[in-house]
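Asks: I'd like to ask you about the structure that follows.
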Amino acid sequence: MQNINPTQTAAWSALEQHKADNLNIPQLFAEDANRFDKYHLNFEQQILVDFSKNAINQKTLELLRQLANECGLASATEAMFSGQKINRTENRAVLHTALRNRSNTPVLVDGKDVMPEVNAVLAKMKDFCERIISGSWKGYTGKAITDVINIGIGGSDLGPYMVTEALRPYKNHLNMHFVSNVDGTHIAEVLKKVNPETTLVLVASKTFTTQETMTNALTAREWLLAAVKDESAVAKHFAALSTNAKEVAKFGIDTANMFEFWDWVGGRYSLWSAIGLSIALSLGFENFEALLSGAHAMDNHFRTAPIEKNIPTTLALIGIWNSNFLGAETEALLPYDQYLHRFAAYFQQGNMESNGKFVGRDGSPVTHQTGPIVWGEPGTNGQHAFYQLIHQGTKLIPCDFIAPAQTHNPVGDHHAKLLSNFFAQTEALAFGKSKETVEAEFVAAGKNLADVAEIVPFKVFTGNKPTNSILVQKITPFTLGALIAMYEHKIFVQGVIFNIYSFDQWGVELGKQLANRILPELQNAEKISSHDSSTNGLINQFKAWR
């Protein structure tokens, strides 16, 4: 990948000047009755992305596309797909796209085609899923598996949990449970719900040394052995998603039930790999394959569609415009689908761990904004929580509204009411409500303007708040796969233009290092004085209270 400071490009300078045009969303619509037709894109007639309610015009998009070209987006995209080691700080390729490469076109890393290994793991996952789901796999007392606990953290938890929740209408009889936090409460509450005779535990850790995951895995192992008192039972109730065969065998897991992945799979992009075994178990392997197919279709779109028609690139460029030129610091992901209640949390990690960097690819601090703060909750819940600030606060918060046209649960008029709110919110954010409209409403209600003059300013909405509307025909494994891949590629595009490395995460290391130093200090009653006064005081109070 090239090392290009975006702020030194001609396009960046032109965008800085263009910012002075102070584009206004209501005015842009007033000037162009066909604005929607020009500012939306459609993916396979299943996902419609409307970006017309942003403060952009044709000039904005042309300059943003010029910025992408000047920053070498096209060559960076090919570098990723072709297996070049674009994760330079860890000297790794970035090939989550190969995991869902349904075409089987060879993908080379260091001259070796990775697809035979990818397909071998998928075949192994399929066979395992069929045995568990059919009931032919038996636990230590001869009973079939009814519950699956996935123990992992970060990408080994967030992705599988998000997808199994999002696709709950497709789930089979297996009950899925997810444990991530090293807080003993998390695993204790899950173990209360399950029977050791009929429970399968998946331990998801590439190295099989991750502190949180292995602490929880050992607790689950002790729980099983407390019931059966026979170490051979571990092999019938545990499987590993790992690459460390030695540690897996030492734990008591049969390495035949170890599902591998590779160092070119980043944790937050790993649900497509063996880490997705819990997804395949919950939904059935054919639905897992459909998820992969949807992502692969979006990969093909991203790789081949011209920049003017490219959905992930367009979303990425608009995001850069909003953050670096219009001053937005956050992005809200607002799915109007209760099944997608973990979608924002998933891409909170996906975006903030990828692009939350202050050092450019040249090793120097950047002078521009990089990744935004990403957050959100499902609609309509959020409307009664934080939308107040989005509508009338002093922060500019671009929002992505996501909704399915078809619901899995056609109960009464629930879905029509849900979608009426979905459509209304983006209209309200874009167009607001003027002082004149507020006054006219009071008059229509029979009020005397003199009597309500004091209240009028509080009912004004300025509008001009940017949103994208993403309307999905129906949330299926295919469309969810495409939707996830769309956001993955958006993050990639922004990282390329920000001139940062999106696929490392050194920011998680310092806290872990310090925690490893502090842990031994907590295992005695001695007063601590080895840290700053704040940390010493907190540790000593903890010791006094425990």
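From the backbone N, Cα and C atoms, a Cβ is placed for every residue, glycine too.
Copied straight from Swiss-Prot:
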type	residues	note
ACT_SITE	GLU353	active site, proton donor
ACT_SITE	HIS384	active site
ACT_SITE	LYS512	active site
Asks: Helix, strand or coil by DSSP: which one applies to LYS512 (active site)?
Replies: helix
Asks: Who sits close to LYS512 (active site): which same-chain residues at least 6 apart have their Cβ under 8 Å from its Cβ?
Replies: GLN211
Asks: C-alpha of GLU353 (active site, proton donor) to C-alpha of HIS384 (active site): distance in Å?
Replies: 29
Asks: Which of the three DSSP states, helix, strand or coil, fits GLU353 (active site, proton donor)?
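Replies: Assignment for GLU353 (active site, proton donor) reads helix.
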Asks: Would you pick out, from the active-site residues GLU353, HIS384, the residue whose Cβ has the largest number of other Cβ atoms within 10 Å?
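Replies: Output for this query is GLU353.
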